[in-house]
Structure formats: C-alpha cells, structure tokens
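A short write-up of the structure that comes next.
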Amino acid sequence: MGYARKVGWVTAGLVIGAGACYCIYRLTRGRKQNKEKMAEGGSGDVDDVGDCPGARYNDWSDDDDDSSENKGIVWYPPWARIGTEAGTRARARARARATRARRAVQKRASPNSDDTILSPQELQKVLCLVEMSEKPYILEAALIALGNNAAYAFNRDIIRDLGGLPIVAKILNTRDPIVKEKALIVLNNLSVNAENQRRLKIYMNQVCDDTITSRLNSSVQLAGLRLLTNMTVTNEYQHMLANSISDFFRLFSAGNEETKFQVLKLLLNLAENPAMTRELLGAQVPSSLGSLFNKKENKEVILKLLVIFENINDNFKWEENESTQNQFGEGSLFFFLKEFQVCADKILGLESHHDFLVKVKVGKFVAKLAENMFPKSQK
C-alpha cells in the first residue's frame, strides 16, 4: 500500500507539472501572436495594460464593457500592485497606451497625411472624440490635436463654426488636471480671435475660480492665468475680474517665479485701463508684498511691478479723488502705495539692492508718487 501511494503521488505531480508547463506555453505563445498581430496593424486579443483577456484596447470607442459603470476604468491584473515588478511593467504599458492613443487620434483624423494641420472634416472628427469620449488618454490626445490646430488663425473660425467652443469648455468640469490643462490651452489659443473672446466670456468666472483655487504653481493654474491674460488684452471684459484682483496679488506674493510673471502680465493689462484703477487701488494686498523689493528677488519681477504701479499712479487723479480716498480700506493697494516710501528707502540704500537700474526706477517712481499724492498746496 505504501509503495502504491508513493506512485500515485508521483503520477499526480507529473500531471500537475505538465499542465502548468502547457499553461505557460499557451500564455507565452498567445502574447507573441498578439504582438505580431498588433505589429501588422490588427487588433490583439489581450489588453496591453495587464495582458488580461476581456479588457481590450479600443482607439475610438468607450464601449469596452457592456456595463456603463466600468467605462473609463483601466483594468490591472491582480499582481499589478505598487512596488512590484509586475505592477511597474503594467503602469509602463498604460503610459505607452496613452502615447499610442495620441498617435491614433491623429491617424484617425487624417489617415493619409502626417501633417498636423487638419481639414474641417478632420477637425470635426476630433471634436466628436472630445464630445463623446470619457477616457482621459483619448481626451488628452484629442485636445492636443485641437490645441495645435487652434494656434493657426484660419482654424480658429473653423473650430468655432463647428461648435467647438462649448465642447471644449465643457471639459473644464473634469477633475483630471492633465485633461483640464489641455482644455485651457485649447481655449487660450482660440481666445486670440475677437469673436471667440465674445463667446468665451461666459466661462471667465469659472476659469477665474478654478485658477485661484488650483494647486499653487500647478500647470492648471498657469494655463488658467494665460487664458485670463489673453481675455484681458482689450478692456471689454476686464471688469469681470474686478472681484478677484486681491486673489491675484495673493498668488503673486506666494507663487514661484513663473507664476509671478504670469500674474504680472494679467495685472499689467488691468493697470493700463483707467477704468480699472479704483478696483486695483481698493484690492487687498498681502503684507509680504513689500518684502519682494529685496536683492534676492528677480530684477525683471521688480521692474514689471513698478510699471504696474506707475500706470496706476498715472491713471488715478489724486487731486480730483482726494475726498474719496478714505473709502480705501487698510491693507489695500492704496495704503501700500502711501507707505511705499518705507520700501523705497530700503531699496535706495547702498546695502539693500545691488542693481543700479532698479534703484533708478524706484527713485523716479517715488518722486512721481509723492508729487501726485501731496499737491504743491500741501507741501
């Protein structure tokens, strides 16, 4: 009995081992055949994300699964966990999948051409992808194609006539920061057109709120600032940002150098409009604004900020508005400018700022500010 039992266990082990070897053979052979099919332009039976049957990759459709609640989900195999080698490979394949999607969008829009400039019919196809797809990597690819084409003046009218403005603006509601950034870039390129600006003004408040509340120095915040800067090149829509000027000064004080420069461009547009002068002077500014005038700050940042102050000073009729100056609250830009002499003394000091041009500009501005603030009758 003991010998027969041993023979039975050995036989069972051989059968199990043979079955395992056959499964491994079928798996590796299936992967090889799938890759060959994809290389030939066909579609494989295995998803490139996790090599799992049933989760196939589709360039154009969201109908990967009959269940609507599973749409847009990237299925990873059970072993694709963070920190594991299999998980790393799966995520690398997912990134490659997004790259192939971008190329596929371009190929679908213009299958017989490698040009990035699309015809109206091809632009219509891309807009359909943006409108119908829910997958982030498809949306990102389509928005990149639209953004590249919106950089050309003749395409801005075409995209608008195809109904592209509300289609792209709808993407602003997404929570995906990469997709939202790409949508803002498309709208930014389209906003160079005057008619497009007129139609995009209804989204300015939403863009402004999203920009202010986005993560500091993020790509979404910078893209939003660029769009708002384009929308305020003319004076027509600047009043829509009047209630957000204090927030822009806060971003300027807290942001990195790139954010500072982008906020300065926006504030400079507002400062060149005399109708926005009172709103600018009434805006609350951080107490840290004065600390920007030090030798560690970028010289170009200081010079651009001085240009904004000079425009405000020139546009505000100090003598005519003397009776209304008490309407500006403490902590406002008006009080900051009244006390600017303190900052100026530090800058003009030999030990404070090493740049001669900054000292000259500050000296001229302080003299002009004092002349306007304190008329000759009060001297």
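Glycine is no exception: its Cβ is also placed from the backbone N, Cα and C atoms.
Annotations in TrEMBL come from automatic prediction, not curation.
Annotated in TrEMBL:
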TRANSMEM  6-25  transmembrane segment
DOMAIN    118-337  domain 'Armadillo repeat-containing'
REPEAT    163-200  repeat 'ARM'
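Each residue in the domain 'Armadillo repeat-containing' (118-337) has a pLDDT score, and their mean in this model is 93.
With helix defined as DSSP H, G or I and strand as E or B, the repeat 'ARM' (163-200) counts 31 helix, 0 strand, 7 coil.
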